[in-house]
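Peer 1: Let me begin by handing over the structure; questions about it come next.
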């Protein structure tokens with residue numbers, strides 16, 4: 001079990017890592033060659049130009065910053081990150097980014113008073129207990145345990161202080177949560193009210209459109225909404241199953257990259273034509289000219305794409321029972337999106353349409369019947385993943401208990417007992433190993449969420465974040481606390497009384513404080529510092545710049561600013577809230593480490609949001625209710641585990657008072673849910689009507705049909721350059737058509753027949769185009 005000395009070694013290693021990462025970042029960001037890696041946001045907004053252009057007369061100056069005065073202020077990024085106000089961040093990066101930063105401020109507001117009070121009141125009480133001093137011969141006791149509730153003698157009257165603090169901390173956390181929920185809800189409503197017109201405010205996505213014999217999907221949609229929403233319905237856009245075509249597009253992009261690479265290689269060395277083998281992956285076969293090989297591959301692929309395009313246009317099965325339906329007012333769209341459309345509740349399912357950048361086109365082609373099956377399969381898969389991942393987690397925990405490792409492998413004892421190695425193994429390796437095991441999980445869970453069939457990227461990320469949170473709750477928190485292998489844990493939980501589970505886990509909580517301290521330092525200190533260095537994007541940018549970049553446009557593509565990464569960052573944040581709330585009463589010495597994380601992470605992510613990240617969608621803080629709910633869940637978990645822990649201390653007079661806490665917490669959560677959550681789920685008809693009146697007064701001649709025409713047409717039409725434009729050209733002056741997409745499933749265009757009016761799709765800047 002790690003001692004204070006081991007914690008000190010871990011702190012030294014992690015602080016050294018933080019210093020190294022920050023120093024490397026401060027120096028690398030000053031170099032002109034790295035400017036697009038560390039300031040891509042400003043290049044995207046068009047307000048920054050490469051400093052390499054100003055060094056044309058100096059070859060070295062294009063790559064290295066020769067102005068040595070700038071090195072004296074290499075830490076000025078910190079005050080610069082704090083200079084931009086919240087309203088400026090909203091205008092610069094969106095409301096999602098601003099609310100994401102507020103979560104870190106919430107952690108600081110919540111834990112600064114709690115930390116001060118807990119250390120001043122609870123730590124002296126715990127130290128004066130003296131129980132572990134008398135039991136040090138029977139138990140393996142660390143110095144951290146002497147600062148925890150474990151050091152208080154059973155039946156002690158001192159437990160009244162812990163219970164009082166539990167009540168005080170809960171009241172404070174609920175108060176801060178209420179104020180923050182109120183503030184974020186106001187920010188969301190204000191943002192929606194002050195925004196310019198957006199296409200998703202007038203559009204509803206409809207799923208599970210019933211098949212009517214003898215009628216196309218477009219005809220069915222048109223007929224249904226003309227009958228049921230006659231005053232506000234103005235048209236719809238059909239959805240095409242273009243997933244196979246999308247694979248061909250991605251394949252073409254890969255071939256184009258290889259062709260560009262070989263042409264660039266030949267341009268640099270004209271005396272030697274690049275060659276490759278014609279077999280699979282160039283591993284075998286006849287050696288051929290690479291440029292000609294990829295040109296021929298491109299020609300063959302273009303033929304396949306042309307054939308697939310024609311199939312999509314002609315095959316009635318390519319049109320899916322999904323449509324984007326548009327209305328002439330926000331009020332009409334709100335009524336449709338928030339009401340049941342049919343007597344059969346499984347038909348004509350309506351939802352608010354996500355903004356065009358947020359649509360995940362691939363999942364629109366999933367049949368409604370398969371969605372329930374997919375969700376069931378993914379739920380089982382997530383459970384299996386969470387459970388079987390306990391095996392490597394249990395191995396990681398064995399590293400923190402070297403006594404057990406010595407029993408299993410006694411030949412390692414001489415090495416393990418060396419002071420430096422022992423401190424390194426107990427103070428640093430467990431947290432690092434757990435961080436490595438968790439690295440690939442967000443990608444796996446995101447794939448699972450995509451399989452479930454959600455329609456928007458924002459929902460996909462929230463679902464992936466929920467899975468990751470449950471995973472961290474079970475494996476990182478509970479799995480780190482409960483001893484034994486995964487199968488022993490499952491057997492114990494299944495064969496013991498449910499009332500014993502909080503008791504058994506509560507006993508183990510103080511003993512694992514040292515592990516969580518090391519984990520916080522590795523993940524929350526060094527991990528956050530590595531985030532600002534952006535080592536992976538830096539290496540990839542320079543590799544692309546070296547081999548693939550030929551034009552300024554290629555260089556912009558190579559920047560890859562990325563986004564905040566909510567599927568990973570939100571669950572991690574929620575884990576720190578859980579650790580802080582649970583250990584506030586049990587082992588308060590853990591709280592300063594969490595405070596350092598919240599303060600440092602706020603500074604780093606503020607800098608990244610201002611200068612780096614380019615959020616690919618705007619959900620208007622739709623993730624906030626999930627953050628609030630999981631902090632409430634952390635409160636409930638802390639109450640149950642403290643109840644179980646005190647029951648082992650035989651505090652029979654004081655422990656029953658804890659029963660009131662979860663009841664009050666649940667009541668508070670239900671109140672907040674009914675008071676604030678509708679602002680995140682519904683659009684008030686009063687607000688919609690007011691916005692419509694203002695718009696009609698300001699723009700009485702506004703042509704909404706023309707404005708909405710191209711908004712949700714499938715991105716497949718971007719790639720129809722060689723198709724007859726009569727098939728896909730927009731004619732916004734056509735007044736005889738009601739729907740945006742008059743392509744019949746049974747009538748395909750021919751040279752002798754009039755063209756079908758299908759709106760041409762043009763990509764908005766920054767719009768996501770994968771499907």
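Positions of Cβ are set from backbone N, Cα and C atoms, glycine also.
Predicted automatically and left uncurated, TrEMBL annotations should be read as such.
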Peer 1: May I ask you to indicate which of 111-135, 186-210, 211-235, 236-260 is given in TrEMBL as transmembrane segment?
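Peer 2: My reading of TrEMBL: the transmembrane segment range is 111-135.
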Peer 1: From the ranges 523-540, 541-558, 613-630, 631-648, grab the one TrEMBL calls transmembrane segment.
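Peer 2: Checked against TrEMBL: transmembrane segment maps to 631-648.
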Peer 1: Examine the ranges 350-368, 502-520, 654-672 and name the one recorded by TrEMBL as transmembrane segment.
Peer 2: 654-672
Peer 1: Other than its close neighbours in sequence, what residues sit by the transmembrane segment (575-605), given a CB gap under 8 Å and a spacing of at least six beyond its ends?
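Peer 2: Here the qualifying positions are 18, 78, 81-82, 100-101, 104-105, 107-108, 110-112, 114-115, 118-119, 122-123, 126, 144, 147-149, 162, 165-166, 169, 173, 469, 472-473, 476-477, 509-510, 513, 516-517, 520-521, 524-525, 528-529, 531-532, 564, 569, 630-631, 634-635, 637-638, 641-642, 645.
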